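Residues or ranges marked as domain 'Cationic amino acid transporter C-terminal' by TrEMBL: 502-551. Under the heading transmembrane segment, TrEMBL lists 58-79, 86-107, 113-136, 187-206, 213-233, 253-274, 286-312, 332-355, 384-403, 409-428, 449-467, 473-492 (among others).
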Amino acid sequence: MGGQKTPSSSSSSSSSSWFSHFCSSALRTKPINSPLDTILVSRNSTDALVRRLGLLDLILLGVGASIGAGIFVVTGTVARDAGPGVTVSFILAGLSCVLNALCYAELASRLPAVVGGAYLYAYSAFNELTAFLVFGQLMIDYHIGAASIARSLASYVVTILEMFPVFKDNIPSWIGHGGEEFLGGTLSINLLAPFLLALLTVILCLGVGESSIVNSFMTVLKVVIVIIVIFVGAFEVDVSNWSPFAPHGVKEILTGSTVVFFAYVGFDAVANSAEESRRPQRDLPLGIIGSLVICIALYIGVCLVLTGMVPYYLLGEDAPLAEAFTSKGLKYVSILISIGAVAGLTTTLLVGLYVQSRLYLGLGRDGLLPSLFSKVHPTRHTPIHSQVWVGIVAGILGGLFNVHVLSHILSVGALTGYSVVSACVLALRWKDKTASQFSSRWTSAWREGVLCIVAVACCGFATGLFYRFSASFIFLVVAVVIAILATAALCCRQTYTNPPGFSCPGVPIVPAVCVYFNMFLFAQLHHEAWVRFVVLSIIMVGIYAFYGQYHAKPEKSHA
């Protein structure tokens, strides 16, 4: 009798075994293979994507993802509060994005040239569960963002069509303008949005070469239009409109930089094209940083022209740039702006759908999602199943729901991804990780480093809250001092290696500053975005616990 197991002890043992398996699975990491070996293997694999993208393609991919219709709208809306100082807002936001881009560039150069981006980096530097959580936050942003952009694109297309008399006031709202609402606004039917999504999905399924041609053409078109806008507007500038430069003080300029930061989001799309880049170790860092620099220059040019043409307090809310040119009798430029908006939204949507499919492909290969997502077409060399899936999800959301109302919970994925990527640079640089994998001394130092990164992140979030709610200056100082001490500990208590390929300068200070500022921005988001982060994280842990941990492929990972 004494040797028999009671039901309660058996249940307890089973629970302990399940939890032990969950922890060991969640802490698995992805081995870092040689980038050159990865390229050689992928060229001989039938399931690999084809390497067709050159440096120019990657730069245009980044510009296409970053600059949408927002360049014609966001610049003016922020200028109403920041005044001519909106130019400084864009410069500050651009510089912070450059720091994030340096972190992306190092990892894109150092890690295997396969799909995954921030998910892959988190898997290699931290663990399987962290990577899965990063994927979840990114994917919600991409799904909702694609549906919202598709609706905006449909509205702009209808606006251009209505310039022709035959279509004027003859296009019903359920086709493209907003949407026909049912059930008290729960449903909002829009037929043009899913049609446009289906068209772009077909282009992406045809092959990366075909989709790259479309993206390159549309991106060049919108950049040319922006340059024309800047050039024409420069002759209408009245320098007296730039005074006072900061009418509402420096705080509004800083607040403006937190808003316009998201206008640059998209350069990270280049990192997800690693498996389709001809020379990833050279071209990915150049593509990431080069596309961002071009975007910064274009945004600054539009800001200077806009605030110089019209006094900041007279700028319109919905279409400030177009209204500014119309007020100067240059209506043809307003038409160009509409065309540029269509081109901008098209490329942003195209690249967004492209990135989503590559992320699904990466998780399908790793077993964290069904193997269906890992299939690559044998002749088109595109992940057709993943591509069609993201098109269907975006089509349903964009065709049936007014997803614009969810815009306030977006940007969580981007900030999460940027913060984790910056932390990955630090974790992968800590000396002798692989050589001392089972060293208790190394493990202790590694944990101490992770705690320092967490401290910097928490201080960044706290500083953002104190700034947002105008708390006492003392609280701000305390949060900043703790962050500085944590960064100092990263400098003095850790040893860093020099990675092969592109190297981010100023490690560990630059990555720590990125984490701090990204979390500062996280605190500026709507409180419902914070709720979304927590709820989605819990859901993703549940999915991992009941599916991911059992289907992930341990042979491609090491604990």
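Positions of Cβ are set from backbone N, Cα and C atoms, glycine also.
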Whether the transmembrane segment (253-274) meets the transmembrane segment (187-206): three or more C-beta pairs under 8 angstroms:
no
In the same chain, which residue numbers or ranges, 6 or more beyond the ends of the transmembrane segment (187-206), come under 8 angstroms Cβ to Cβ?
146-147, 150-151, 153-154, 157-158, 174-176, 178-181, 214, 346, 349-350, 353-354, 357, 377, 380, 382, 384, 387-388, 390-391, 394-396, 398-402
Touch test for the transmembrane segment (58-79) and the transmembrane segment (409-428), at least 3 Cβ pairs under 8 Å:
no
For the transmembrane segment (409-428): best-contacting stretch of 86-107, 213-233, 286-312, 332-355, 384-403, by Cβ pairs under 8 Å
86-107
If one takes Cβ-Cβ under 8 Å and requires six or more residues beyond its ends, the residues near the transmembrane segment (332-355) are 61, 63-72, 117, 142, 145-146, 149-150, 152-153, 156-157, 159-160, 163, 196-197, 200-201, 203-204, 211, 214-215, 218-219, 221-222, 225-226, 228-229, 232-233, 266, 269, 272-273, 319, 321-323, 325-326, 387, 390-391, 394
Averaged over the domain 'Cationic amino acid transporter C-terminal' (502-551), what pLDDT does the prediction give?
94
Within this structure, do the transmembrane segment (286-312) and the transmembrane segment (213-233) have 3 or more Cβ pairs under 8 angstroms, counting pairs 6 or more apart in sequence?
yes
Mind checking which residues of the chain, 6+ beyond the ends of the transmembrane segment (286-312), have their Cβ under 8 Å from one of its Cβ atoms?
55, 58-63, 65-67, 71-72, 75-76, 79-80, 82-84, 86-87, 90-91, 94, 97-98, 101-102, 104-105, 108, 223, 226-227, 229-230, 233-234, 236-239, 241-242, 247, 260, 263-264, 267-268, 270-271, 277, 320-321, 324-325, 327-328
The correct DSSP tally for the domain 'Cationic amino acid transporter C-terminal' (502-551) reads 39 helix, 0 strand, 11 coil
Outside the transmembrane segment (86-107), at least 6 residues beyond either end, the same-chain residues with a Cβ under 8 Å of its Cβ set are 75, 78-79, 121, 246, 253-254, 256-261, 263-264, 267-268, 270-271, 284-285, 288-289, 292-293, 295-296, 299-300, 303-304, 307, 312, 418, 421-422, 424-425, 428, 499, 501-505, 510-511, 513-514, 517-518
